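I have placed the structure first, in the form of structure tokens, so that the comments after it can refer back to it.
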Amino acid sequence: MRFCLFSFALIILNCMDYSQCQGNRWRRNKRASYVSNPICKGCLSCSKDNGCSRCQQKLFFFLRREGMRQYGECLHSCPSGYYGHRAPDMNRCARCRIENCDSCFSKDFCTKCKVGFYLHRGRCFDECPDGFAPLDETMECVEGCEVGHWSEWGTCSRNNRTCGFKWGLETRTRQIVKKPAKDTIPCPTIAESRRCKMAMRHCPGGKRTPKAKEKRNKKKRRKLIERAQEQHSVFLATDRVNQ
């Protein structure tokens, strides 16, 4: 009787060991299949056709699409155009919803724009907004040089004189209100000049120089000659009519 009980106990123990061995063997085979399949790397649950369906705790689940096929992956960081969204059940890669964004911190805050676009306060622009200047080294919009309003046009002058010439220059200016964030960013023009007609061509009480007198006399002689030629032409025309 004792021998029968002892034999039965051995059979039960062997069955338990066998079941445990079979379970361990199944788990080892499952882990081995994960390792042998590249898309199952980092997965807690994976299939050959659909890839990962659950990821390890610190990894992000990403649903990759290739043509008509899609499969899950577990990644340490999300690819371009996606950001990592952590959640209690499983971390996921979510798509950036910002136009022309290459990498983002969240769905509405970009950290890097696509080529040809400038980053400004979490958005991407092809041209920086007013008051900001493009910094090509980092493709960001930084605070530019801010200037005030133009002053009124100054007095028309030439050689620091306001008389004695027919034409002169008048100038207006504006002040730099805020310096740019980078010294390499230029400021707009803060002074500009234009041609103007002087109010007084001859200075009061001034004496004309010999050169000015000669020029004036030449002009008078030229006008007298032109007038005489006109009168002579009229005389010839009248004479022909009378003949």
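Using N, Cα and C of the backbone, Cβ positions are placed for all residues, glycine too.
The disulfide bond annotation in Swiss-Prot covers C40-C46, C43-C52, C55-C74, C78-C93, C96-C104, C101-C110, C113-C124, C128-C141, C145-C187, C156-C163, C196-C203 and rests on sequence analysis. Among the features that Swiss-Prot reports, repeat 'FU' is placed at 90-134. The domain 'TSP type-1' annotation in Swiss-Prot covers 144-204. Marked as N-linked glycosylation site by Swiss-Prot: N160. What Swiss-Prot records for 204-224 is compositional bias 'Basic residues'.
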Most isolated by CB count within 10 A, of the disulfide-bonded residues C46, C52, C104, C110, C203, is C203
The domain 'TSP type-1' (144-204) resolves under DSSP into 0 helix, 24 strand, 37 coil
Once DSSP output is merged into helix, strand and coil, C40 (disulfide bond) belongs to helix
For C74 (disulfide bond), the spatially nearest of the disulfide-bonded residues C43, C46, C110, C141, C145, using Cα atoms, is C43
Cβ density check for C196 (disulfide bond), other Cβ within 10 Å (all protein chains) comes to 17
So C187 (disulfide bond), by the Cβ count within 10 Å over all chains shown, scores 14
According to DSSP, C52 (disulfide bond) sits in strand
The disulfide-bonded residues listed are C124, C128, C203; by CA-CA distance, the one closest to C78 (disulfide bond) is C124
